[in-house]
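Quick look at what TrEMBL annotates:
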type: DOMAIN; residues: 25-187; note: domain 'GDPGP1-like N-terminal'
type: DOMAIN; residues: 208-322; note: domain 'GDPGP1-like C-terminal'
Amino acid sequence: MEFYIDDNDFIWSVCPTDGKLVTSQFDSLLQNRWKSASEAGVCRYQLTHLQTKVLPGTFGFVAQLNANRATQRRVPQNLQKVNNPFDPIEFNFNKVAAQEVLLKPVHKEASGKTEDNAAVIINVSPLEFGNSLLVPSVTANIPQRVTLEGLDLLLRLMLLSSDANLKAGFNSPGGYASVNHQHYHLYYLRERLYLETASVEHIAGPCFALTDFPSKGFAFQLHNDPTLLAKNVFILVSYLCANEIAHNLFVTRGKRFGETSTDAYDTIRVFVWAREPSFGVKEEIGFNPALCELAGHLLIKEPPAYEVVTEKDAAEMLDSITRPWYHQVRENIPNLFRAT
């Protein structure tokens, strides 16, 4: 079950079309174990081929109908602020069954470490193929907040994948997090997203602005050091946490900022959105604007909403919940990254 992370196995460039790279060991293990667990009935429902369409318009929003997730998932925890203490009475990942654990990633240099173990756990209410939860430190009982160590581990797993379809992300409390135990989503999406190649503008240091998209937020990219990328993103996320600002994070393979001369995806892009908070147990009509939706992947809950959703309506919602917070946070970006 342990999977050893060797930095020498990092894959720095992938092709955004299928069939041109051999599937990596990480992708093969994750996908095969996910399929086996799903077929064994571990999930609350079978994730059959999801009804999917790309909405007409500028941004190529990918809309998917997943009514089962809307009706059969575990009731989200009633979180009332961004920084909630861990509650051992509530559901947490110490309580999952053994058959839900797919991988236990261990950095090769830290092999033999037994405390604060990491795990990749199948999401029993999957949103897409391969949907799993990276829990960087199961037994440490860290509440749902980004840590530098967790983000670094997530980026290293992304670098072990040769599949441009692999996506990752994080929902804070107030950003539709449903479990108050540190975890990051992993899943595969066949359709290409606008964010993989979207243009950005520089703000300060390593931080860029995502302005050519309805979800207004901040962007970072990998050069050749995942730990440095994790540190840069963590500076911003720490500021959001310290100021009780709800947020979402999305990670994808993509083109280097400003790159137009190659078809290859030669970086990892990380997007961070400060957003209008949504505390308590709330269910929006149509879709909940969390990490997938802010990235342009719309998880629609009911057939009528799926039939009528338009880019215009979705874009207006995403803009309205991010624009005011984006401008508020942007004023502080030069100070946050003054020394970088």
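Quick reminder: no glycine exception, Cβ is built from N, Cα and C everywhere.
Residues belonging to the domain 'GDPGP1-like C-terminal' (208-322) score a mean pLDDT of 93 in the model.
For the domain 'GDPGP1-like C-terminal' (208-322), residue counts in helix, strand and coil come to 39 helix, 29 strand, 47 coil, using DSSP.
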